[in-house]
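Asks: TrEMBL feature annotations, pasted as is:
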- 40-196: region 'Disordered' (REGION)
- 41-50: compositional bias 'Basic residues' (COMPBIAS)
- 57-73: compositional bias 'Basic and acidic residues' (COMPBIAS)
- 89-101: compositional bias 'Acidic residues' (COMPBIAS)
- 140-154: compositional bias 'Low complexity' (COMPBIAS)
- 156-179: compositional bias 'Basic residues' (COMPBIAS)
């Protein structure tokens, strides 16, 4: 408390009602700020677009990195699975000392991009069964060739020939008039008759 009997701390923050209502607001007109505001719509819009493009680039980069991580993990898992499969083969040795034929390792990988989807099938090559499969493939391909040509002939349909639209009977054909005939009034023109 002060010696005056008033509380200085309260007086600092207290504003009387009369002072609040009697305030006058001052408006200052700045022509340069006005011009900048009015001509700055395009600049501000381009700035927003640039910021959005930068943010989108960051998101795309993060997505690519995440996809790479997932592919690496899948590849590591496939490698571990393949390597562990080799160890199990040794355990499959029969009592006679012969090995059982292990199931061929086949894998399917799908790459999905914006517009294309690629599916890769990986299968091992067995030279013993390769000859038999080639014979089956050649027979199947010859059957496919014959069937594809048959379907091609079925799919080819004849297009209807273009026909000119017929004129309605109400329209009469008119012949071109020569200059001389044009100069003569309509009621004075002579009609030419066909001679037999």
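All residue numbers here begin at 1 and follow the chain in the order shown.
Backbone N, Cα and C define each Cβ position, glycine as well.
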Asks: Under DSSP, the compositional bias 'Basic and acidic residues' (57-73) has how many residues in helix, strand and coil?
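Replies: The compositional bias 'Basic and acidic residues' (57-73) comes out at 17 helix, 0 strand, 0 coil.
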Asks: In the compositional bias 'Basic residues' (41-50), how many residues does DSSP put in helix, strand and coil?
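Replies: Across the compositional bias 'Basic residues' (41-50), the residues distribute as 10 helix, 0 strand, 0 coil.
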